[in-house]
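Enquirer: Input: one structure, supplied below.
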Amino acid sequence: MHQMTLAEIARGLADKKFSSEELTKVLLARITQLDPQLNSFISLTEDLAIEQAKAADARRANGESGALLGAPIAHKDLFCTLGIRTSCGSKMLDNFKAPYDATVVAKLAAAGAVTLGKTNMDEFAMGSANESSWYGAVKNPWNLEHVPGGSSGGSAAAVAARLLPAATATDTGGSIRQPAAFTNLTGLKPTYGRVSRWGMIAYASSLDQGGPLARTAEDCAILLQGMAGFDPNDSTSIDEPVPDYSASLGESLQGLRIGVPKEYFSAGLDPRIAELIQNSIQQLQKLGAVIKEISLPNMQHAIPAYYVIAPAEASSNLSRFDGVRFGHRCENPENLIDLYKRSRGEGFGAEVQRRIMVGAYALSAGYYDAYYLKAQKIRRLVKNDFMAAFNEVDIILGPTTPNPAWKLGAKNSDPVAAYLEDVYTITANLAGLPGLSMPAGFVDGLPVGVQLLAPYFQEGRLLNVAHQYQLNTDWHTRTPTGF
Ligand code: GLN
């Protein structure tokens, strides 16, 4: 049962082969049995899950249908869930029970999805390895000595290990696509503004975007359908109609123009990954796509720009966690300053503190023009590169990451080494474009992802290309040994 995709579950539920309650119980038992190896969950919501599953079964018995009605999922632990701990992977919020549901959570619940729990993540979504979580590192089911990627590492590890078919995640600089690549999943970061950020604890507001993590493009289409849409509670939400994503999965790739940026194949890319990317290009050519070399000349400036903008926004967003308005409060403060200092010092981990300091520095008078303003100008150049490229091509293709998943602890002493691994993913966030990562093969037994980028609101195109590829390849069907 645990091998079923969301699409298969929807068919099985519709055909009355099993009930949502039965399936939910099987998966909850599987999580209890296997998750101690992975640490992919921060909280399990068994009672809620059984209650939601029973309600979904009753709705089906009353003649209702829907791809998510009775489908078990989990939420990254930065989506607020009413009355349930929403920790953001931080000691700061270990005691925080959200007073409301995030829009994404509410929409999926209304569609009948069943919440099994809240997944582990890098603290405040800062990281690429899921090692900065206060609840401990998450292990990669493909090799328990390696990281699953981050910051949505818990969602990724859980889905990859078949603990559940799909999960929500968020992507500020790659946190959906990179863990998807590291764990052999399909993950989609939508266009900025496509999915509501209301109730999604903010890291860098102008970059954050929620999206689906699943095994197939078909399943990402189903989950995105339940997440996307205009939300008046989010002032950056865009009032565009949501297309039927599953209906966009049948299109031929004949004549599809795929751009491959020459800058992607630089010295930093593992040559074995480069080879797998070439294989995926050939596969898509066989399906009718036309390949064109393109250039994204400002890509080299993207990492420094991102690592100014994201911390700057984070330093502002995280100011509310001060032990007064929100978050952990230290014992016996001597005065107000002592309360702030110790509460924040105790509540935030090292990486979060580093980013707050970098961000506050970049925003401070005298440095604003040199860092923040310059980074914003680079951001515009990165966007312009994409706009020029999309005049010539329909999709941009390349690796999701320069290397496969590294060993736990390997980059702990050198944060910049980890930042450099984000080189292929962060440009889409800077430009606000949609991006998808899908399985493209293995290196030393570790999964490798290929990334597809598309113009604004072309999520359907990304999902269709990935679906056509998955109809003709079987990388995405591989299961990690032991799961
Ligand atoms: N690795 C990037 C960072 O740490 C991206 C994280 C994310 O997308 N949330 O900022």
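Glycine too: its Cβ is placed from the backbone N, Cα and C atoms.
Per TrEMBL, domain 'Amidase' is recorded for 22-463. Feature annotation from TrEMBL assigns active site, charge relay system to LYS76, SER151. According to TrEMBL, the feature active site, acyl-ester intermediate maps to SER175.
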Enquirer: Across the domain 'Amidase' (22-463), what does the mean pLDDT come to, as a whole number?
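Expert: Mean pLDDT for the domain 'Amidase' (22-463): 97.
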Enquirer: What count of other C-beta atoms do you get within 10 angstroms of the C-beta of SER151 (active site, charge relay system), across all chains shown?
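Expert: There are 35 of them.
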Enquirer: I'd like to know which of the active-site residues listed (LYS76, SER151, SER175) lie near ligand 1, counting only a CB under 6 Å away.
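Expert: Passing the 6 Å Cβ check against ligand 1: SER151, SER175.
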Enquirer: Hey, what's the Cβ neighbour count for the residue listed as 'active site, acyl-ester intermediate' at 10 Å?
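Expert: Its Cβ shell of radius 10 Å holds 36 other Cβ atoms.
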Enquirer: Where LYS76 (active site, charge relay system) and SER175 (active site, acyl-ester intermediate) are concerned, what is their Cα separation in Å, rounded?
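Expert: About 11 Å separates the two Cα atoms.
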Enquirer: Fill in the CA-CA distance, SER151 (active site, charge relay system) to SER175 (active site, acyl-ester intermediate), as an integer in Å.
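Expert: Between the Cα atoms of SER151 (active site, charge relay system) and SER175 (active site, acyl-ester intermediate), the distance comes to 5 Å.
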